[in-house]
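Accompanying notes for the structure given below.
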Amino acid sequence: MVSPILRTSAVILILTAYFYTALSVKVTVGVVYTAGNREAYSETVRQFLQVVNASDDYDTGDVTLSIVEHEANCSSENAIYNVVNSFRQQDICNIIVINNDRKSDEGSAPCSFHNENDTSLLALFVSRPSTSGVLLNSGPGVMNLYPEPIDLSKMVIDTVQKYRWTSAFVLYDKYADSYRTLEQFLNWAADRDWLLRVKEIPLLSRSEVDRRELRSLLRQIMMSREVHVILMTNSDIINTVLERAVHMQMLNYQYQWVITSLNGPLGTVPLEDYEFSGARMTFFHPNFELGDDTRLFERFVIDAVLTVVNTAADMVEDTGGDDQCLLHAYATKVEFEGYSGTVAFDKEGIRDSLQMDLLENKGRELEKVGTWSSLSGTNLTSTFNTSFLTNPVLGGKKLKIISKERHPYVQVKKNADAFELEGEERYEGYLMDLIRKMALHLNFTYSLEIWEDAHVGEKQPDGSWDGMIGELFNYRVDVVLDAVSTRSFRLEAVDFTEPIEMSGYYLIMKRPSKAIPGIFQFLAPFSTAVWMVIGGACLLVAILSTVISYLDPYEWHQLAKRGEVKPEEGGNWDFLNSMWSAWGAFVGGGAEYLPCSYAGRVLSSTWWFVILVVIASYTANLAAFLTQTRLEETVSSLEELASSKFNYGALARNTIVQFLQTATDEPYKTVGNHLKKNKDEVLLSTRDELLDKAEWEKFVFIADAENAFIVKEERCNLITVGEKFFLSPLAMMLPRGSPYTKEFNRLILEFRENGFMDILHNRWFRARGKCDSRFSTTDQSVLGLESFAGLFYFMLMGIALTMLVMAAEKVWFMRQDKEKKKSNLELADRGDAKDGELDALRA
């Protein structure tokens, strides 16, 4: 039996739930997505509604929200108006329109909406501002969540004024959200007598920059000595501009950039790439404390939902009614802290009391330095401090650097002329990547001069130095950007950095005329293409033999069909047997079954002749290969070189020459004596002479790593052999006593520890070149398709003749068969045949 207390409690709970449901106001929201936006934002709307309805964190009072979703095609006329009318017929008064289509022509704007007569409608629009200056959505009950361009213009003006700028370059693109802010911004700037130079970012498309024209534009800024830049573009263009600015040395402590895209702080700009640049970059973002987990446009979508929630709560609290079509009357009175900052609207339905956070880069992070409000303007709460970015020794300095073209350290880019690259942008390589990274970390800029035919330098009789060391010795340059061997005698004139690579010497000689012996050496006499064609020819012959057997009346299959041979012999030339016969002919095994027809005999004879020539060529070429393997002489070390019959030499200016000529140990002594004895012939002044001798003579070039790289990239008839020897560290050079040496050394050690030096080494030294510097290359003695062209033409003619003979045999057989039947019928008519035979003949 149920206790009276429990029965009474249950009744009370049921009544409470009934009255709560009866008093709760249900608000249905119509959500309109323009094409492509439903997939992007529907889940956000649904999930947030569930959170709002279930959570106590939102003051919804006795309001429960539900949604009805619909899509609108902006390519049709009055798209939004038609969907709104459809919702109104369902007694849905509160509507959210989500349109994040940046590519639509917003000037004609079929997705715009103007309310004239519906006084009970609340339409919340989350859409980007028009680039045409037209107010897209207006009328009673129409609210715009996205900030209006006039507010964004005032935000930039107030911030720039707070920075005390009086001049700037303004870079914009006409597809950007901030483009509508430009005209108002320029008008306000003119009232303040600011000097603004406005340039459009050159675009190839909405999201692709014309890099050549952009470089010219940035050069104008650099030449004007203007250090303030306002970048009015969308996030997909920002990185391209900043990346080019790095190469133009315009991202350093001297420059300040104001970036107006509200998406910039949300991970769009890779701040880690500019961590050590010293550049000052200012961003704007609503409610930055929320982090970057929620995309910018999603924040406005969520605030649209919260606007309905808070408006409905205010209506219920004020009237206690459940008429959801009264919300429009309370929308302009609502005010709350949303995901995009303070949400409030003026009487025209435009965002009021707008607030943005001001952010500036600090290393790879953004730091809030102030706020901007549409009511109180810009308020800076902290100042930008570059001390943590700027190196105390090199920060802000402009170094004069000289270098020379030297593979793979400094070399001209392949597309330098096509893209009309100038200055240091023309060059790439190991040292170019290194100095660019060092400039970012140490906050210096530099000018680069490439010397033609430059040499390291030697001490003169009067105590001075020539070459690049001479420039450092006389303090005319700050750095020599070259990988120079760290020899002790040079230390009296220059300082070396920490080693950046280990140098050494290689032996360069003519590439042997064959590949290294291997398990597939037996395939070497023919090229891969020839082997493939031979295999295809074998398959073709088998197929044609099968076709002839089935179609030619004098071949095995047809003979068996007529009973002239045994039935089991009819398959003598089916596909498998034909393939076996073709292969047997190829390896000298002979054919198991010979053809009966003339067409089959023509085909077989053609194939046998082709095989005869192929086997003869293969046998001769294989013998030549094996003989060449035994006769060809190679060397792989200085020991073998010293005892070989090869002539050899080196560049006369190389350090190793002096070492070898003064050496007392073998094999260096023998090699050095050879160099001294034949110095006029083997110690030459240019590497091209030595490379030519190695390519065309029995000559070995004792060469440094730079020449080994040239062999890998350009001289495919040469190879490097053996291991690197006579190792020595390579480093950059600075003037003796330079204050910059210590900073360079510290950074090089840091790069070595974090793996950046290994990255450079793999990028420039281990990458596969045009010529694979091993023995595995195509040999001139390998027979290619061109060697067998005539033979394969002969085979094709043989196949054509086979088809003609088969056709002739077919016609002849049909004629003979017809005459035979006619003769038999005449015999039957004369009564010479028996009754059974007569029936067979007539059949």
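Heads up, the Cβ atoms here are built off N, Cα and C, so glycines get one too.
Per TrEMBL, the feature domain 'Ionotropic glutamate receptor C-terminal' maps to 398-767. Mean model confidence of the domain 'Ionotropic glutamate receptor C-terminal' (398-767) amounts to 83 (pLDDT, 0 to 100 scale).
Residues annotated as domain 'Ionotropic glutamate receptor L-glutamate and glycine-binding' in TrEMBL: 408-474.
In the three-state DSSP scheme, ASP704 (L-glutamate binding site) is classed as strand. Residues or ranges marked as L-glutamate binding site in TrEMBL: SER485, ARG490, ASP704.
Marked as transmembrane segment by TrEMBL: 529-551 (among others).
The transmembrane segment annotation in TrEMBL covers 607-626 (among others).
According to TrEMBL, the site 'Crucial to convey clamshell closure to channel opening' annotation covers VAL635. There are 19 other Cβ atoms within 10 Å of the Cβ belonging to VAL635 (site 'Crucial to convey clamshell closure to channel opening'). Taken residue by residue with DSSP, VAL635 (site 'Crucial to convey clamshell closure to channel opening') is part of neither helix nor strand, so it is coil.
According to TrEMBL, the disulfide bond annotation covers CYS716-CYS771. DSSP gives CYS716 (disulfide bond) a coil state; it is part of no helix or strand.
Residues or ranges marked as transmembrane segment by TrEMBL: 791-813 (among others).
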Residues of the domain 'Ionotropic glutamate receptor L-glutamate and glycine-binding' (408-474) by DSSP state, where helix covers H, G and I: 24 helix, 14 strand, 29 coil
Count of other CB atoms lying within 10 Å of the CB belonging to ASP704 (L-glutamate binding site): 23
Those binding-site residues listed as SER485, ARG490, and which of them has the most Cβ atoms within 10 Å of its own Cβ: ARG490
Greatest inter-residue Cα distance in Å for the L-glutamate-binding set SER485, ARG490, ASP704: 19
Surrounding CB atoms that lie within 10 Å of the CB of CYS716 (disulfide bond), all protein chains: 17
Conformational class of SER485 (L-glutamate binding site) under the three-state DSSP mapping: strand
